[in-house]
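Here is the structure we will look at.
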Amino acid sequence: MAPASSLLGPVGGRLWCAGATAGRSDCDAAPAAAAVGIWPGRGAEMRLLVAAGVLALLLDWAAPPGGVAAAFYLPGLAPVSFCQAGQSGQDGESCESTIELFVNRLDSVESVLPYEYDAFDFCQDFREKRPSENLGQVLFGERIASSPYKFKFNEEVMCHLACAKYYYPEKEDHREKLAFLKKGMQLNYQHHWIIDNMPVTWCYEVEDSQKYCNPGFPIGCFVTPDGRAKDACVINDDFNKKNTFYLFNHVDITIAYHSGKDENWPGARLVAARLEPKSYKHTDVNHLSCKGSPMEIPGEFNSKLNLIYSYSVKFEETNSIKWASRWDYILESMPHTNIQWFSIMNSLVIVLFLSGMVAMIILRTLHKDIARYNQIDSSEDAQEEFGWKLVHGDVFRPPKKGMLLSVFLGQGTQIFIMTFITLFLACLGFLSPANRGALMTCAVVLWVLLGTPAGYVSARMYKTFRGEKWKTNVLLTALLCPGIVFADFFIMNLILWVKGSSAAIPLGTLVAILAMWFGISVPLTFIGAYFGFKEKPIEHPVRTNQIPRQIPEQSFFTKPLPGIIMGGILPFGCIFIQLFFILNSIWSHQMYYMFGLLFLVFIILLITCSEATVLLCYFHLCAEDYHWWWRSFLTSSFTAVYLFIYAVHYFFSKLQITGTASTILYFGYTMIMVLIFFLFTVLQCFWGRCLSVGMTPCMCHFATGGTMDENVSGDFEPLGNCAFSWRFYKEGVPTFCGSIFKPGFNHPVAPILVSASVTG
């Protein structure tokens, strides 16, 4: 039991403590406030800075002196203590003496097809254990299993036999296994090993003498028939024989630990695991010698081949690294942190530019229009209207294909809320790299549970559009977009099944996903739609004319297609650098951990989309074009098209993917990403446009004329938000809509754009 003034809980793998235990070596002092998820050089495992700090201080304040409070850990992230065989921890506390090494799937930057460890005929554990995997791990194709590599804590081993494999050219299955192993080396497939829930890293120097720690290491390498060394073959001059494969059949493993000798926990805790792959040609399994010539596999398999795998292990005591900070050396070695901040500054400049444009329109352009209205003395002059003031009776005319628009808005709401909550939890550290598969699991579960907002928004908007086919609306909201994603996903999964990839989703998992969809998400969508249809339609500030107004001929820049194309440029400019790192994490298998920066970019994208659509809406209304519904739908969502174009550029310029199956898989999964992003931005741009047409504008409508004072006659008819502003005016509250009219001022028809911050 820990003192009452302590709070012990690893947030994303980091262990927090406060009060009397703030100086412990296995935990970090919890700050009361700090930037969430953005801590240069201390980004390991996504700290819950604000929440952990506040909670720690509250417990410290609330606990009685000398009281006790039990420590807590997030599930699966509690530290494990190790001690030598035959020893026990302090006060008889138990500790582990055997360190197990687990293996994960193998992947490659040259192929989208990951494979299980056993597919390559490596050393296998005859008593194989497979830890339980969550939904996110299964969807990402992770397949973790035990291995024959098992070590005793603090017992060094030199050149120990792991296993031996023998291949005979006359046996067909041996030829197939060896050919598959060669293919893995040719495509640079990478091992991913795990010790104590921590990746075993291969650290090596890159440019400018910087050390990069890769959470994987290659199977081997290949020297082409023309003598060109590929991939890892460049690290050793002995890898020089043409048309030859070199197998990394030996690993030197170094395990660093933090001793608990001077702490209040038993044994020691592992804080780092590194290895260096080697290639040795062992000739006798009984007399291994880890030196000499490398293990060569000729391009032509004509004679018996012996592959002997071995390993060496040594331990280092490193008390300078805390268990809570053991991921830092991996994350800090990843480059491009400065580029991330450059991206943020670039995005902020775009936001400031758009904010200035919006402010200029509201405060300058509209101010001139309003001032001109205040100077009008005769009703004849008042009839000379132009621009956006002429379309007040048509802006809320229901759009064509309102059914589809409302369905997309409902699905966009669902994805937007899901993304916001997922990123927020990731910033708090609950979805860190140490908690494998948690990010995808959280996103899927949230999407399933957020069917109610989707149904409600879709039904409410469809009712506002005066639609009558409510059953079709509900079914399309529940099935259309998820059905497209599932169909694409299922086709990709069929390809993975045919290729025998570990990323193929088992049939049971597919059935479980369908059960979650139809058993939870669809009923929740029906419930949301029920409440949406019970609500009154959204009240518009003005009545819609019975006869549509003729739209004058538009200039090139106010036509739909140019406006839509231009509308997505600025939002894409805010995200394209972050998009590069996200694509790297997906296709180049690099670890992504900067969720704080990603959340900040998410907020910037939200603001940028909204402001860009407000601007374009104003320009279109000034051109007397009131067909804004679908245009607002497609303006910022055209960013998804730029995302697809960038994904194509990334495929040809950054990746070395080969093979028809991998290419189909890449673009199939990319289409799912594009559709999700399309719906995500639809919500932002559409509501941004609504802000400029219905919420930001208060279309103060005068039916036949009147005076705006306390003795106004019945011919004045304020509607919607204007009625709200008119009430404030009557009560003497200075509002923007009320202040532009002077008592006794006569005005027959004047739709006025006023500030949403005052009028609702």
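Sequential numbering from 1, following the chain as shown.
Note that Cβ sites are derived from N, Cα and C of the backbone, with glycine treated the same way.
The structure displayed is predicted, hence computed values, not measured ones.
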Candidate ranges 32-56, 407-431 [criterion: TrEMBL lists as transmembrane segment]: 407-431
Feature contact check the transmembrane segment (407-431) with the transmembrane segment (593-621), CB under 8 Å, 3 or more pairs: yes
Among 341-363, 437-462, 474-498, 510-533, 633-652, stretch most in contact with the transmembrane segment (564-587) (C-beta, under 8 angstroms): 633-652
